[in-house]
Amino acid sequence: MNQFVTNTKNVIRGKYHPEFLQNEVLADIFAHTAQTLPDKTALIEADKTLSYGELYQQALIMAQHLALKGVKPGHIVGLWLPRGIELLKAQLAICLSGAAWLPFDMDTPADRIAVCLEDAEAVGMITTDEWYEHLAEVPQTKWTNTELQKPLSESVSLAKTTPDQPAYIIYTSGSTGKPKGIVITQKNICHFLRSENSILGIQEQDKVYQGFSVAFDMSFEEIWLSYLVGATLWIAPKSLVSDPERLCQTLKQEQITVLHAVPTLLALFPEDVPNLRIINLGGEMCPDSLVDRWALPHHQMFNTYGPTETTVSASLELLERGKPVTIGKPLPNYGMLVINSERELLEQGETGELCIFGPSVAQGYLGRPDLTADKFIENPWAMSVEEELLYRTGDLAKIDEFGQVHCLGRADDQVKIRGFRVELGEIEAALCDIDGIGTAAVILRPEDGIDQLIAFIAPEIDAKQAIEIKELRHNLSQRLPPYMVPNRFEIIEEVPRLLSGKIDRKALKARPLTSVVDRSESDQPQNPAEEILFEILNRLFPNMPIKLDSDFFDDLGGHSLLAAVLISNLREHAEYSHLTIQNLYQARRVGAIAALMLEQPEPTLFDSQIGQDNPRNQTYKWLCGIAQLVTIPVLISINILQWLAPFFTYHYFTGGTRDSIPYAIALSLLVYVSVIMSSFVLSITVKRLLMLGIGAGRYPLWGLTYFRWWLADRISNISPVYLLSGSTLLNLYLKALGAKIGHDVTISSVHIRMPSLLTIEDGVSIGSQVNLENAKVEHGHLVLGSIHLKQDSYVGSYAVLEENTVLEKQAHVNALTSIEYDTVVPEGEIWDGTPAQKIGHIDEQAKLPERPKLSFIRKIAEYGYYGVSALIIACLFFIPIFPSFLLVDWLDVNVFNINPNNHLQIALYYFILAIPASAMMMMITAVISSGLRKIALPRLEIGTYAVHGSTYYRKWFAAQILETSLQTLHGLFATIYAPTWFRMLGAKVGKNTEISTATGVIPEMLTLGEESFIADAVMLGDEEIKGGWMSLKATKIGNRSFVGNSAYIADGTVLPDNVLIGVQSKTPDNREMYDGQTWFGSPALLLPAREAAEKYPDHLTFKPSIKRRLMRGFIEGLRIVLPAALAIGVGYMIVLDVIDVINNYNIETGLVALTLAGLLYGVGCFLIVALLKWILIGRYQPRSAPMWTMFVWLSEGITSLYESVAIPNFLNYLRGTPMLPFFLRILGVRIGKDVYMDTADITEFDCVSIGDRAEFNSFSGPQTHLFEDRIMKIGQVNVGNDVVVNTRSIILYNANVSNHAVLGPLTLVMKGENIPAKSAWIGSPAVPWVHK
């Protein structure tokens, strides 16, 4: 029997190895290793080590002491010591004495220790001198590890134990309220060690990490498998066990080769640990995403499964990428099968209860014959004496056709909380022991997205006093570990039961948590602030007692939306308008919130500086508007000429019998390159001329200076600056615009409003999509100011710097940080968050190598490399349009051959022909971009690279390929095709993942888990460039995690499963994040609870049918190709028209016709989108809709067309003009008089209301929808009169910004939040703006 044996009814067995069944005990195994390898290091703890010989001799002395105190084979000895060498020495001593150890975790309550010792009839307990007093109530004899190590005058002989005697006892949660002890014999454990290691293959040369508590039986894999082969155990300190990032580094430093861990811990490691030879996982389910990340060629990654009752593990699987994660097949000499409730054997593929048999199955529970008879039953399918006992695990499972076992969760009332097995009955029994409680039932159910223990309590009929929840918590915390204390207690008259008499847990899970509470239980408010607070809380929580020490989240059940509502209601009272949502999260308790209400706030920016609005000059407004109206057609025409000129060239030189298509293509590319070069020259020249003589200051809105600035700003947008991002050419371009740029400056990408007022000194590093906003409009004025970045300063990605700001030498501004106007960041300081605050002093430069030198020759060479590369890339991505032309022409001549009679027919005809041509162009572009990236950068590894080195150059080239391709493929984002596109680029993307407009992506470094969601404008894992070096780290997003709009995810982030990162927020340190958490803000703030999403069926959210996938695929396919088809169709119409004009008149007249055609094209693009919006959607209303529904597809389609057709071709040129509000009204926006809009970023137009004289600066706007849990939620945004919204500020739906309010840069107004009138706010989340 050397192979797996599987019969047709689901009985599978591991390989048969009789040599693993030896007549031995653990003491024999250790003694053999100690004799064979006496000088080999056995244990390492910090700077202490013990060899196997030393450990054996020292443990032997302790064992002899125990023998002198009467300890014999068969006895039980408790073990309660801090982790370390002394603990393992005591464990071995008990083993050598012939007794069995009963281990306890360091944090186990003394009452529970006493219960277990009494139940096990332990003869004594080993502990420390310090802990001795905690066991005063324990009747058993207690020995300290110090006294057991005193020298002996003479040697003491030790009695020999037998294989059938106990080796150790592990206590787990018991369903009757009493913990149950599982006795593992010497035979059980010795067989297990040899069986499992025959597959794991731990060797003498290995260095094994020891991190588990000895009360958790996975620790025996760490300890005793090492003892079996003579490996070295490295004992982790307690502080390291809970710090995954530091642990990861320590594993590398200590060159650990074997890691036994739970999957949750491994998932939190920020990077690979190459020296790990074996990774053995167990204790909980292992997600596929973890396998994708860690199942690498240099690791052997195993998944083990087994209850304590079968000795640590019973099955094992070598995990490989691309294979489903299972618990594998039985270990050698073990067997598994699946039965139904009638204990009948089930066929392959059928789900039932998993059962285990073999020589390592325990004999039962200590002193619990009834429970033993229920769980350990006779095995009718046994083939030997060793298989006669069958253990019923209580886990649901099935066995597939390959003999792999799939574990599907618990079948009984046992649950897992944070990795701990918990019998609900034990909690219920502890509750029933409390006076006044008649019956109790405990269930596990999700509340606000988090699994929580809910206790339902029926009081005794003749109870003398009411049940006090606080007293209940205190009582239980004395008897149970913290993870077993229920999160919530519900008082009910009677616990529902089934006909069988058992508790009806299904009814409890469905029962609303709305028990009525007597208001007399509430505290009485003692001052006006408390009266107002209690009145609002009573409205929000109508059935809850309100006490001053009640926690808003834990006791009252508050969540994110209720937090916003509470603060908004309090702000309606002028004296409390300074309160913030952040205050609530920090204070939490009702009394602490009331105390904050009484604090005197600091004077805000509004109070001190900008309380008065300035009247707008209507004459200036209309004169400026007329001037803008004259220039806009020219701007649109210049923009359209960039693609229409080569389009025209191609068609002008084709069509005749002697025309050469290759010649036409070459000439078109030459024209395309010329247009690109000319656009840079034009934008530089015109901007320098327009801004001549304009300096820092305040200028009237709509005045002459404003018009000159507006026109210069608009014309600078015509050149494709994205081609220069991250290169030294960008510095050259900014210099040409008037900026003062020093030597060896690195700029990834910036948005600069006034280059002539920008100074960047030597060695400065600037991240991606940084806003240098030294121009803004507020209160009827254009405000211009300088920005000065001094030597070696640093600005992180997505940061915003306002006018008149200075960063001193080596000042460090973190990502997603706002530096408000008139701010100086001192030398060497690190500022973070919005509003920015000092968080430390820079020492990062000391960690980096010396800045690589940039010689003059290399600088010139880089100019050449970046310039030629940029033009080559631009041409490569223009080339796919020519096959589309050929296809259109071929379809025109060979398939349709129709001669339209007018311009509208021509446009429609060529638009239809262009649809398949556009699809082909998209596919060619996708293939070219993914292929070129792999050629340019075949392999990219984690590390640090010089920005003036080959890796950076190649990485830049690959990044530019991606950036340039997105000019064509932008429509792929937020569609069903986006994950495939990211996979083509090299990212690891799980099933059913949604990806919107993610930026900064390094595909090779990105892993997205299954069913994760990346929202709009997320900066996702971009590289950090600082001090002349580029750092690359892997970024991982866990399964079902959500990253909100405009969030910043730093490279190296490892986001656990089911985590939500809020809008315009960033993540905390990896070690602070755990499954199921919600973080928002900058800096990140942990949200205790968030608003529960409306429930929809799975087929509308996460698990759609094939039909819905096909329908969405079709609609989104059209949405991708239609913008390009529209451009090609209109392009044909314009080209044919202009060729006709040139042939009949002259080139000058043709250029005029081309300009007019460009204007009509821009207006037409807007009108088409507006028409489609009203036909397909009608008027937007507040609502929610699951993702896999027609409304969402159509709405997202309209948004995509608006962003890809209407904005770039028309509305962008209306930003900052009096005309933009008019066109937004056509789309449905309710917008007042004299509104200034430097943004067109609005989606659900009808849900936006903007008051008179409001001012929206660039990249700001209302956000009327969010996706959470695959549900699109739409709400109203109301902005009052005379409101100022600064750069990159977002107002979420159901929020209200009252009259005369000011929102600073990078500010987030939360859902349901109300910003009071005549106040100034800044930050994410918003806080009163106190300018310092």
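Any Cβ shown, glycine's included, is placed from N, Cα and C.
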Additional site residue, Glu204, Glu221, Glu222, Glu401 [criterion: listed by Swiss-Prot with Thr304, Gly306, Thr308, Ser313 for D-ornithine]: Glu221
D-ornithine site span - longest C-alpha distance across Glu221, Thr304, Gly306, Thr308, Ser313, in Å: 12
For the transmembrane segment (1151-1171), distant same-chain residues with Cβ under 8 A (at least six beyond the ends): 632-634, 636-637, 639-641, 644, 648, 1126, 1130, 1134, 1137-1138, 1141, 1198, 1201-1202, 1205-1206, 1209-1211, 1213, 1223, 1226-1227
Cβ atoms near Gly306 (D-ornithine binding site) (within 10 Å, other residues, all chains): 26
Integer mean pLDDT for the domain 'Carrier' (524-601): 81
Which listed residue (Thr308, Ser313) has most other Cβ within 10 Å, given these are binding-site residues: Ser313
Near-site residues: D-ornithine, ref Glu221, Thr304, Gly306, Thr308, Ser313, CB cutoff 8 A to centroid: Phe192, Glu196, Asp217, Met218, Gly282, Tyr305, Thr310, Thr311, Val312, Ala314
Distance, Asp217 (L-ornithine binding site) to Thr308 (D-ornithine binding site) (CA atoms, angstrom): 7
Among Met218, Val312, the most crowded of the recorded positions [Cβ within 10 Å]: Val312
Proximal residue to Met218 (site 'Important for substrate specificity') among binding-site residues Thr304, Gly306, Val312, Ser313 (C-alpha distance): Val312
Three-class DSSP secondary structure - Thr304 (L-ornithine binding site): strand
The domain 'Carrier' (524-601): DSSP-derived helix, strand, coil residue counts: 44 helix, 2 strand, 32 coil
